[in-house]
Structures are given as C-alpha cells and as structure tokens.
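To keep things clear, I will list the structure first and then write my remarks on it.
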Amino acid sequence: MIQVLLVTICLAVFPYQGSSIILESGNVNDYEVVYPQKVPALPKRAVQQKYEDAMQYEFKVNGEPVVLHLEKNKGLFSEDYSETHYSPDGREITTYPPVEDHCYYHGRIENDADSTTSISACNGLKGHFKLQGETYFIESLKLPDSEAHAVFKYENVEKEDGAPKMCGVTQNWESYEPVKKASQLNFPPDGRIEFLQRYIELVIVADHRMYTKYDGDKTEISSIIYEIVNILTQNYRPMHIRVALTGLEIWSSGELSNVTLSADDTLDSFGEWRERDLLNRKRHDNAQSLTGMIFSENIEGRAYKESMCDLKRSVGIVRDYRTRRHFVANIMAHEMGHNLGIDHDRDSCTCDASSCIMSATVSNEPSSRFSDCSLNQYLSDIIHNPLASYCLYNEPSKTDIVSPPVCGNYYLEVGEDCDCGPPANCQNPCCDAATCRLTPGSQCAEGLCCEQCSFMKEGTVCRIARGDDLDDYCNGISAGCPRNPSHA
C-alpha cells in the first residue's frame, strides 16, 4: 500500500456571503467565498509530478468541518489515447498527448459512506461533492492575485427553462419484457458474473457546431470533455464498469456526418460514419457525439438500445451545455445505459437520490446514480445474454497505470489481487476490501473462470463460439478465459 500524501487546505470563510455571481457553472444566487491555503506537503517521491496521486482537503460547510479525500482518476485514459482534429483542407491530424499526469480526481467525504466527489484541480478546484445527501459545487472565482473560491449548493444555480428535457432511444423491436424484480432474477449462487469487471473503451467526438461554439479553442474543448468523462466514469463504478477515454475527435474543418434538427437522422448518420471511418483507424467499444445542435422536440440525447458491441449502433449523441458539465455527463451516462440495454426508469424505481440516471425526462437536479431497476436489468441481461456485451471483457493494458495503486478505487492495479471498492461498499466475499488481497482460501475474486472464489475446472467452456469461431476453455489455473490455441 502506498503512503497517502496528505495536503491540508485551510479554507477561511469570507466575512460575507455573495448574493449573486456569474460563474462557469452559471448564475449563482447564493454562495460562500473561501480561500484555499495549502500547507507545505509531506516529502514526495523522487520523481516529481505536477498533480499528486492523492490529496486531502479540510474545510467547513454550514459551519461543520469536512475532510475531503481525493485520488487521481488513473483509469481516465487508455494507454493508446489519441486526439484527432482536421486541417482546413480536411486532412486528418492525430496526436498522442501525454496524459498520465492529469488533474482529474474522484473522492469521498470522511465519515460519510454515501458521499462522492468529482473534482478538477487544473486551475484551482472545480467540481462537485455530495455531503449528507446534498450536492455542493466549488469553483475558483478567478480574481487577480487571489485564491478565492465559491462554494454553493446546486439549488442556488439559476435553472434554464422548465420545459421537460427528453431522451430519445431507438429500439430495434416493437415491444420488450418489463424489467424483472430482483427476487425474480436467476443469479448464480456465487454471483461471479455480478462481480466481473467490464471495460468500455470510449471515443468522444465534438462536432463542428461545438467547435465553432467555443470559437475553435481545441484546448478548451478537450478540457470540457475530460471533465465530463471524469464524472461519467464515477457514475459507472458501482456497476463494475470501467470507462476509459481512448480517443477524442474534434471536427474542426466541418461536419463529417449529417447533423440536423432530427435526432434520429443525426444518430443514424453518426453510426454510419463510425462504422465506415472511425472503427477502421481507432479501436474502441463505444462512441458518443457531443454536439452544438439544438434538436427538435426537446431531445437532449439519443441512442440505440442494447447495441454496445454493434459496429454501427454502439453510439449516442448528446447536446452540449456550456456551463453545466455534470448535466452533460449525466445525459451521456444515460445514453450509454441505453447502449447497454437499460430501459427508462418506472415511477417505482429508486436510487436514494432526487432523480436517477435512467429517468425518461432529464431533471435539473444532478443524477449521479443508477436506480435499483437499472442495476437489476443490467445484471439480468449480462447473465441471460452475455454475448451481447462480449466486447467489454478485454481489459486495457495495465501499463497505463504509471503511479502506485490505490486500494478501494474499484480499479485492479499492479500489486492488487482484487479491488471491490471501499470496505463499506464491497460486496465480493472473495476480496478483502481493506487490503485488496484475496480472502483466506480464495483463489480468485472475479473472472470468467472464477466460481465461488475458486478456479473453474480445466476444460470448462468459458466463452461460447460465435459463427465459425471456436469455444474457449478454462485452464484450471487462472481466473481468466484464455483464447483457444486452435484459433486461426
């Protein structure tokens, strides 16, 4: 285990509270001004990083002390991450920027098991955290020669028009069975499929309308997308899905697929472009288009359902909002949920929050959690139709993890046997959440060839053949499902 770097931040509350201010997050009606003062850090490793792997902040909210623990989101980018834009004559320009020492963090509030946080530390602190069921935002005021930040509740951000924002989901069938209750699901007794980690290698495309919306500032667009994906990855952690950004495209010379007022037509054209062009030069599982287009009928996002591993249909489109990154991230999480086969929530679905990610209408309140219905349907689908998500089992190379492992962040890193999250959240009996080691007597914690914490017998089919392919079999000595040596 690594020694966690502690950085204490003393936040002195300004003698008055602001009544109204315009921030990147919008027009805020009520806020506190605070001044982060960084106490000298503990000795660092010989190799210096601009952004620490782990930090701790202390401040007060409503007069009560809060301790915020942050850990760098080391799984944010894939090893082969690339960025592509286009010259004025349409020539493709691809770069591979260094992204290991980035400034995007996840975290928690000490002594609050239900807390979450997503923070950018690139230029001051910017992001949100959940404390005792309420969402707060922190953002730099960007005053000359000042470290002043604003802390405010989401309810104090002026909302846009109250018209219901709708999600559009394209079905490939006319009807489907309703979501079953948890008691009706036929889960394996050991739950090994439930605990199996899955990986979505994601490409995000900023269309030409978004490029012009931000005055051609590719750096700003990239930063916006990093922040969105940092929130998105946190949304999917409880589902044991790791989302890694593997590519970013900016259509700087013009639209490369049709973008119209019709969300259906725009989605269809984007899917055709992905199959025809993007897949031929960039390996990935899913592509999402971030667009500056305002679609008709109050559509905020559109996606195909149960399409995650389909060549054309593993796509979604999401409307960009300049000031509301968390809002865009939650819509994208919603559309990817449809790609995974998850339906809209019914009125009876709950998620211990004011709104859930898969609500049919988009709430102004941040929706950071999937409902019980969404989780149950997802688990049911991967048990009864595992081939529909076959592309999500190829783990990204661990060489992209360049900093020491952090136990409890859900990511299996070098030196760990398993990682099922913080002890309060871990539900895997094969994994000791406090040490990220296997529990006594366990041979494995997850994997297609792991059953009841033990390796499955040699010769057990772990991956059924598709088409002219061959079945894959467990070897009896590992939890993974090795490729059949007879594969051509």
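Placement of Cβ uses the backbone N, Cα and C atoms for every residue, glycine included.
Cross-referencing Asp114, Asp285, Asp310, Asp472 against the Ca(2+) 1 binding annotation in Swiss-Prot, which names Glu201, Cys391, Asn394, picks out Asp285. When the candidates Cys444, Cys453 are compared with Swiss-Prot, only one is recorded as disulfide-bonded to Cys450, and it is Cys444. Between Cys431 and the candidates Cys420, Cys436, Swiss-Prot records the disulphide bond with Cys420. Between the alpha carbons (Cα) of Glu413 (Ca(2+) 2 binding site) and Asn394 (Ca(2+) 1 binding site) lies a span of roughly 15 Å. Looking at Cys349 (disulfide bond) and His334 (Zn(2+) binding site), their Cα atoms lie 15 Å from each other.
Counted over every protein chain shown, other Cβ atoms within 10 Å are most numerous around His334 among the binding-site residues His334, His338. His334 (Zn(2+) binding site) falls within a helical segment according to DSSP.
Taking the C-alpha atom of Cys462 (disulfide bond) as reference, the shortest distance to any of the binding-site residues Cys391, Val406, Asn409, Glu416, Asp419 belongs to Cys391. Note on proximity: of the binding-site residues His338, Cys391, Val406, Glu416, Asp419, the one nearest Cys309 (disulfide bond) is Cys391, by Cα distance.
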